[in-house]
Structures are given as structure tokens and as C-alpha cells.
């Protein structure tokens, strides 16, 4: 083939190749329009569907916020009391969430941020009205002491609770000393973040046990909340978990508010006792660190304020109560009152404005000694702040103390939740608490129980409710905190069916030496 012929052949071959490579396949005009319309339709559908899905997710987020409580089976019946007049905002799960939000508890998982803010406020300059007796040198000394206890964090997470079995004596809130402290300093706590095995992050943030500086539990028990049963349980757990327990000496009258010297003497005595140990007494909250002494683990129990008043009214009108005091205290016991006093029912007492049943707002010393102030046991020893009855200021101070100082504040109204939280947050003392409780439930449920009681009318309950507004708010606050602690442990799920413990049948001989 000649050179020209070969070149012509190659050019034709290249033209064919280019024609094939850059070929254009014709489409009907209608097909192009359909494809464009389909693309636009798909884009619009995806946009609308995504927007609707986003709105639905936001709605579900709000509805599912309290899911940790619904997973626990906590409904309005668990949170509210018997009466119809209770706060509407916690009678539903969504209401519970809104209540927690309004009190700052739902964002309470940012406890480290809160504590950091409090630390800044508690410097000698910013907090001078609380620390006008402390120098900058002492502030640095206290910080060094707190830092020195950091290495105990994992051990301190395993501390806490009270003991013993004894009847509650009639008590008076009036202090038997002239001097009552006027300043009840807040405690500056170190912030720990170390988790131990079995703890999740949220539970750790709600656990104050790790801030304890000594292996000692202080149970400043509130009267008529079932503290005798808890002390009996502690007596049994002491044999299992290896700690000692004690309570104050019985007396005809209890001193709830003490002056500074008596507080110091009591603390010094308690800190010299062999450890680990627990101590219980009817006494208002004591701030150990204001005496430059190590902080213990604080625990307590609460009860519906209306039920407490009903319980107290009939407790001091039970003949066996005075016979028991006579047997224990002899000639120092209070004599049995008149028959008229013993037979006075609460409905009549409230209706006739008897001094025993008159609830004057902001009253500092009521005519008769009783236990109408549950907040006092958490507010502290500042008589001017904490003694006025149903005081909002006392209630707010009590809330703050519970949130920053107390490891656990439980209630027998939620037995399984309380025992579960105690076991998990203070295992050093409460390990096996549920087993011990259910094995001895018959005995524990009868400790100090008063069968001398009567039905109280709805009218009387309503009158009490109107006069105990801040006491009731504090009680509800403590229950919400307890539920949060439990929910944090369970990751929003049940531990078991209602967290009931299945205990195998046992012979009764354990009652003798358990």
C-alpha cells in the first residue's frame, strides 16, 4: 500500500473513532422533560419529608425528656401524696420534667460547673459575709487539707449511714442554751471526677459521698419519718459490713438547735470514736468544716409533711409511749398527760384552734414542742434563719444543703428506690441493704409503729396543706433528687420488675443472731 493510501486509511479510521467516541444519542423532547420533572419532584419530596421529620423529632424530644422516670415506673401517684390539692406540675411525667427544670435539677448533671461557680463565690472577698471569721491564710490551709484528701476519693465513695433501735422522746425545738450561732456557713467542696467500678458519670455527679473527708456517717434523723427502722437495719448491716453504730443517749427532751460550743464538743467526741462508724441523733444539720474539722457522710430520711404531723399528733397520745419512756428514763420521764389530752383527735384539734394544732406562719417558737419543721433538720443551726415556721428562706437553705452536702435523702414511701440508691452511692455501709431489709421485713416494719391512730378528714388535710406550703415543696424537692439519683444508676431502665428483690425462703433462726 502506498504512503498516501495508508495515510488516507488512517484518517478515515480516526474519523470513524471520533464519530463513535463523540456520538450523540438523540432523546425525545418529552423524555427530557419527564426526567427533569422527576428530579424536581424528588428534591421537593425529600425537602418536605426532612422538614416534617425534624419537627416530629423536636416534639418527641420534649415528650421523651422524662423517659428516665417513665422507665422507672414513676408516675404522679409515686410523686404526689394522697390529697387532691397537690401541685399539678408534678402529677404527670412531663410535669415532673418541668418541675425538675424549674428547680434546676434537670440540668443538675452539670454539678461540676455548679460547684466550680460556688468555689469562685466562696473566696474570702466574694463571700465575706459568710467568712468574716476566716483569714486568707486559713482559706489556703483548708484548700491544702481538701487536696490532701483527694487520694481517698475512690474509698470515700463507699461510705455512709446510721443505726440503733430506740423510741423517739418528746422533743422541743427551743434551745436550752442562751447562745445560738447566727452564721451557718456553706461548705466549699472540692470537685472530683473519678468514677469507680459500677458508677456511671451521671450517678457520680449526683453522689456527694466522695466529698467526705472521714470514714464516718452522720444521720441527723428527722422525727416520725421511720428513722427507727433504718437504725434497726443499720444494726444488722453493721455485723455484715463491719462497722459500729451508736445513737445519742435518750432523754425526755431533745435539743435540736445547739450553740457553737455544744456543736464543737459533739463533733470532737464523734471524730474520736473508732472508725468506720455511724451515729444518729435528732439534731439539725451541723457544718463540720466551719469548725475546721473533716466532713462526714450525711444521710437522712423524709416523709410527707402532712403525714408527719398526723403521726406525731397520735404518737404523743399513745399510752405505750409514756410507759416506754418510764421504763427507760425512770423518774426523768415525762408523766402521762390528762385524759382530755390523750383523747384529743386531730380533726377536733385543728377545728378548735388548739395550741397544739395552730400553725402560725413564720412563728419562731410555737407554744408546744413538736416536730412540725422538717426543713429545720436540713437548714442548720442558724436559729434566726431556720426556725421561722414554713419559711421560704429556710426552705431554700435546706434545699441547697441537701443538694451540696447530703449523700442520700431517702424515704420509706419508696422503699426499693431508697435502698437501691443507698446501696449504690454508699456501698461501704449499705452493701446488701435490700437483702437484710427483706429478710427482716416483719420486724423492721414494726419498729416504733404506733397503732393508736384515726382517720383524718379531707378538710383537715386541706388546712394542713395550706399551712405547710414550703415544707411540702422541700419534701417534693428531696423526692425528685432521689428519683434522679436512681434514674442515673439505672440509665433510665429498671433494675428489675419494680426493683423487687427475690429472696429465697429462710428459716427463722436468723432473727436471733442476725
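Glycine too: its Cβ is placed from the backbone N, Cα and C atoms.
According to Swiss-Prot, the active site annotation covers 282. Neighbour count (other Cβ atoms within 10 Å of the Cβ, all protein chains): 19 for residue 282 (active site).
What Swiss-Prot lists as compositional bias 'Basic and acidic residues' is 112-121 (among others).
As annotated by Swiss-Prot, compositional bias 'Basic residues' applies to 127-140.
Annotation comment: Swiss-Prot describes 155-170 (among others) as compositional bias 'Basic and acidic residues'.
The compositional bias 'Acidic residues' feature in Swiss-Prot is assigned to 171-185.
Per Swiss-Prot, N-linked glycosylation site is recorded for 207 (among others). DSSP assigns residue 207 (N-linked glycosylation site) to coil in the three-state reduction, placing it in neither a helix nor a strand.
If you look up Swiss-Prot, you'll see 287 (among others) marked as N-linked glycosylation site, on the strength of sequence analysis.
DSSP classifies residue 416 (N-linked glycosylation site) as helix under the three-state reduction. Within 10 Å of the C-beta of residue 416 (N-linked glycosylation site) we count 17 further C-beta atoms, all protein chains included. Residues annotated as N-linked glycosylation site in Swiss-Prot, with sequence analysis given as evidence: 416 (among others).
Annotation comment: Swiss-Prot describes 451 (among others) as N-linked glycosylation site, evidence class sequence analysis.
Look at Swiss-Prot and you will find 467 (among others) tagged as N-linked glycosylation site. Every protein chain shown contributes to the tally, and the Cβ of residue 467 (N-linked glycosylation site) ends up with 22 other Cβ atoms within 10 Å.
The region 'Disordered' annotation in Swiss-Prot covers 112-185.
Residues or ranges marked as topological domain 'Cytoplasmic' by Swiss-Prot on the basis of sequence analysis: 1-30.
Annotation source Swiss-Prot lists transmembrane segment at 31-50.
Looking only at Cα atoms, residue 416 (N-linked glycosylation site) sits nearest to 207 among the glycosylation sites 207, 287, 467. Cα of residue 287 (N-linked glycosylation site) to Cα of residue 207 (N-linked glycosylation site): a span of 18 Å. For the glycosylation sites 207, 287, counting C-beta atoms within 10 A of each C-beta gives the highest total at 207. In this structure the C-alpha atoms belonging to residue 467 (N-linked glycosylation site) and residue 282 (active site) are separated by 24 Å. Residue 287 (N-linked glycosylation site) falls outside any helix or strand according to DSSP and counts as coil.
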